[in-house]
Amino acid sequence: MAITKYKAAAVTSEPGWFDLEGGVRKTIDFINEAGEAGCKFVAFPEVWIPGYPYWMWKVTYLQSLPMLKRYRENSMAVDSEEMRRIRRAARDNQIFVSLGFSEIDHATLYLSQVLIGPDGAVINHRRKIKPTHVEKLVYGDGSGDTFMSVSETEIGRVGQLNCWENMNPFLKSLNVSAGEQVHVAAWPVYPGKERQVHPDPATNYADPASDLVTPEYAIETGTWTLAPFQRLSVEGLKINTPEGVEPETDPSVYNGHARIYRPDGSLVVKPEKDFDGLLFVDIDLNECHLTKVLADFAGHYMRPDLIRLLVDTRRKKLITEADPNGSIATYSTRQRLGLDKPLSKKEGDETTDVL
């Protein structure tokens, strides 16, 4: 049965920098906290595990190499025991989880998100379609079968996007067309506009993301929009500074940017600069009607006979194989990574749950 009213939470906290195990433990702690608070849904920031590598915007190539090595070593495979522990935490708390993480698949990293159900199943697994600017130093592109965002669940049609994907008009159109009701606008960590230096545009600072892009997404799509953000501490600044470079000393410009918005774009909650934890919201899916009765860009307020979006969800592989019938064999990333398999009952248990 669909649940139309429930409590949800957005995480605004400091990740376990370069620390896969620490990040997993902190993730489970927040899932437990959200579950104890009565939440049906909790949303984490972009690449929460093992933290967003903001240092890549400030380092030279040679400075980046040891940091990249360490970052890759602490990124998480989606079919890993670390991910299964997180999935079990979701199941133990009977809660939906939107998790952003740096995914390692073979030798490439991706800015990935999963939507985990209250049974521990991975409902959706997606990868950011295009890393932003210097993010290409670290991450690869998502493929056709890993970029869809919206999933039908008992708490509504839930969508997820990473960072500047939230201002991509084509991705917004795609999500609107799926009837999205609850959206996770997952953001990383980056400074506020008080740190802006000419000619760097305001686009590249946290305030427009929090106070322009995110509420714009909410009002354009008519969705409850949760915007989890990472934070930084003095120690975090040191960890994210290459050896031999003097670290910044004031982390406050990086903090206080998480938000939650109603479907009409009005603000529900924003944290103080020093707040670290969960932001809560009481969601009523029926409130989406108040906005969508005025403007539903997937229905009465659109003209598909004039404007349409072409979407290609096929995976393009480097190596193709012939199947027994002589045509091209296909497989999905989801199947290859084992996400179609049920979750084991407990850590170390080889048996699986009944489907």
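Quick reminder: no glycine exception, Cβ is built from N, Cα and C everywhere.
Swiss-Prot has this to say about the protein:
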| type | residues | note |
| --- | --- | --- |
| DOMAIN | 6-286 | domain 'CN hydrolase' |
| ACT_SITE | GLU46 | active site, proton acceptor |
| ACT_SITE | LYS128 | active site |
| ACT_SITE | CYS163 | active site, nucleophile |
Report summary line: For CYS163 (active site, nucleophile), the nonlocal same-chain Cβ neighbours (under 8 Å, six or more residues apart) come out as GLU46, LEU111, LYS128, THR132, ALA186, TRP187, PRO188, ALA209
Report task. Take the Cβ of GLU46 (active site, proton acceptor) and count every other Cβ within 10 Å, whichever protein chain it belongs to. Result -> 27
Report task. State the mean pLDDT for the domain 'CN hydrolase' (6-286). Result -> 97
Query raised in the report: If you count Cβ atoms within 10 Å of the Cβ of LYS128 (active site), leaving out that atom itself, what do you get?
Result: 26
